[in-house]
Ligand code: SF4
C-alpha cells in the first residue's frame, strides 16, 4: 500500500494555526489540487503543480520531524483517492492525525482514527452549493466542523446550520473563523457572545506569526 502515489505541494513543520490543537507543533502534509474555488482561498498556490511521490516517501519525510501531530491538508486532499490510504498509513505510525477537508467530498471512507476537520461553506465562499450534507452522518465525536465567516450573512447562515444539524452535540468542536483581512475578529467575537452560540472562535495563528507565507 505504501507504494501508492499522491501529489504533494509541501510537507513542513509548524505550529498548528487552527482547530482544537492550535499552537501545537504539527507536521503538515499539503496535497495538491482542489475542485472548489472559494473566494477567500488562501492556498491557491496548491491548486496546481506539486510532486508525485509514494506514500512511503511521505511517511519517511514526516518521520524526520518525529512529530506527535500530523495534519493532512490541501487544497482538498480527498480529491486524490490515495489520500485515504495515506491517512491509514499515518494513523498506523501512531501519530495523532487530522484531516482538513472542504466538506464537498465524501468523508465516509476516512479512517476512524483520523480527526476530520470539516468545513461547511458559507454563502460568501461562492461554493455553498458544494456542501455535502450527507457527510454530517459520518462525523465522529472527536471530529470538528469549521465555518469560515466573512460577514453578517455568513454568520447568520452558520448559526442556522449549527442548530439545524445539532452540530454541537455531534462533534467535539464547532469552530467559527473570520476571513483574514475581511471581517474584524472583534466583530465576530461580539456576534458570538450576543447570540450566545456554543462555538469556539479561532483566529488563524500562523497568519499572525508568519504573515501567511507558504511553509507555515
Ligand atoms: S476548499 Fe479550501 S483549498 Fe479549496 S478553494 Fe476552498 S479554501 Fe481553497
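Cβ atoms are placed via backbone N, Cα and C, with glycine included.
Within 23, 75, 94, 103, the residue that TrEMBL lists together with 40, 41, 42 for binding S-adenosyl-L-methionine is 75. Same-site candidate for substrate binding, as annotated by TrEMBL with 15, 16, 17, 30, chosen from 54, 73: 73. Close to residue 41 ([4Fe-4S] cluster binding site), meaning Cα to Cα within 10 A, are the following binding-site residues out of 15, 16, 73, 75: 75. Residue 41 ([4Fe-4S] cluster binding site): 17 other CB atoms within 10 A of its CB, across all protein chains. In three-state terms derived from DSSP, residue 15 (substrate binding site) belongs to an extended strand segment. DSSP assigns residue 43 (Mg(2+) binding site) to coil, not to a helix or a strand.
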